[in-house]
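For reference, TrEMBL has these:
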type: DOMAIN; residues: 2-126; note: domain 'CMP/dCMP-type deaminase'
type: BINDING; residues: 51, 78, 87; note: Zn(2+) binding site
type: ACT_SITE; residues: 53; note: active site, proton donor
type: BINDING; residues: 157, 173, 199; note: NADP(+) binding site
type: BINDING; residues: 171, 187, 203, 207, 210, 284; note: substrate binding site
Ligand code: AOF
Ligand code: ZN
């Protein structure tokens with residue numbers, strides 16, 4: 001690692017402190033370096049709050065050294081008025097000598113303009129330092145900006161002979177207790193969680209976070225025919241639940257019904273979720289719902305538990321392209337990570 005990469009790694013580590021409180025904004029970290037010493041650090045702490053550069057510059061005790069300093073930032077400094085003024089202008093105002101950027105901001109309001117503004121002001125700008133990691137930590141934000149939809153993670157558990165459920169539905173648990181703890185961690189990490197009506201009725205899941213510490217995701221249920229009974233567990237705890245249907249035919253459950261009419265489709269639902277500032281979605285089944293996301297090619301990541309059990313018969317688990325498999329982890333179950341990079 002060269003010096004620029006070393007300081008950028010520190011900025012990336014700081015950025016990660018924003019996980020869970022900045023979505024749908026990106027996680028961003030910044031480091032100020034003067035004469036080979038870190039003299040200031042900051043990160044974007046919460047959605048709507050000051051950006052990383054603002055916090056990093058404010059942490060420098062002697063502002064006079066800024067004109068001889070380098071600022072490392074994990075995302076191109078912004079050039080627009082959002083909820084906060086442009087960070088590029090702040091860096092120019094303080095006459096920063098050099099700015100090192102990890103990755104360009106995909107937000108169409110910025111995308112290259114922040115870097116151009118700095119260069120036009122005579123600041124030396126270096127780009128694409130640890131770019132891959134910068135994109136990876138903000139993969140949800142990149143999908144949000146480039147595709148105008150939430151980042152979609154598919155999750156399921158299958159038997160070693162490739163089944164999701166027994167034919168008679170008597171097989172709620174396939175994965176191990178350890179895998180289930182991991183699922184609760186994942187729930188706490190995403191903005192929303194989705195199941196189809198069949199799963200909501202057959203499994204009667206709560207879809208909240210119990211075996212981990214963290215916020216409950218917004219629950220989303222696909223119910224095209226408006227057939228969900230009102231006594232399901234997910235309607236009992238008063239937490240937010242969005243139920244998508246074609247035509248609304250009378251309130252039956254304590255949730256928000258959203259009737260999409262002819263717009264009812266996986267894409268229509270993702271569009272509506274995104275308009276509600278939902279930046280990520282964990283799809284927990286069942287087979288019909290998962291296959292819809294796969295068929296329409298609207299998924300970004302899949303996390304699949306493969307248990308030791310065999311069923312011999314039942315509902316077949318979905319299949320993903322073999323070249324999308326990125327990692328395989330062995331613990332009580334096998335865990336397969338797929339990525340859908342287009
Ligand atoms: C930066 N530094 O720390 C962040 C940036 O509504 P606002 O004002 O918070 O602006 C949000 C947008 O600003 C966001 O979509 C992304 O393009 C950029 N985020 N930029 O220079 C930061 N968080
Ligand atoms: Zn900014």
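Cβ coordinates are placed from backbone N, Cα and C, and glycine is handled just like the others.
Those TrEMBL annotations? Automatic predictions, nothing curated.
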Out of the recorded positions 51, 53, 78, give me the one sitting nearest to residue 199 (NADP(+) binding site) by CA distance.
51
C-alpha of residue 53 (active site, proton donor) to C-alpha of residue 203 (substrate binding site): distance in Å?
47
Please check each of the binding-site residues 78, 157, 210 and report the ones with a CB atom less than 6 Å from an atom of ligand 2, ordered along the sequence.
78
Find, among the binding-site residues listed as 78, 87, 157, 207, the one whose Cβ has the highest number of other Cβ atoms within 10 Å in the structure shown.
87
Sequence gap of 6 or more, C-beta under 8 Å: which same-chain residues meet both conditions with respect to residue 187 (substrate binding site)?
193, 207, 208, 209, 212, 214, 216, 217, 282
Among 157, 173, 187, 199, 207, 284, the binding-site residues whose C-beta sits under 6 Å from ligand 1:
none
Averaged across the domain 'CMP/dCMP-type deaminase' (2-126), what pLDDT does the model get? Just tell me the whole number, please.
97
What does the DSSP secondary structure composition of the domain 'CMP/dCMP-type deaminase' (2-126) look like, as residue counts for helix, strand and coil?
44 helix, 24 strand, 57 coil
Alpha-carbon distance [residue 87 (Zn(2+) binding site); residue 157 (NADP(+) binding site)] in Å:
44
Taking the mean position of the Cβ atoms of 51, 78, 87 as the Zn(2+) site, which residues outside that list, in the same chain, have a Cβ no more than 8 Å away, listed in sequence order?
28, 52, 53, 54, 77, 84, 86, 88, 90, 114
Rounded to an integer, what is the Cα-Cα distance in Å between residue 203 (substrate binding site) and residue 173 (NADP(+) binding site)?
10
Give me the CA-CA distance between residue 78 (Zn(2+) binding site) and residue 284 (substrate binding site), in Å, as a whole number.
36
Across all the protein chains here, work out how many other Cβ atoms are within 10 Å of the Cβ of residue 203 (substrate binding site).
19
Taking only same-chain residues 6+ apart in sequence, whose CB is under 8 Å from that of residue 51 (Zn(2+) binding site), what do you get?
28, 44, 77, 78, 84, 87
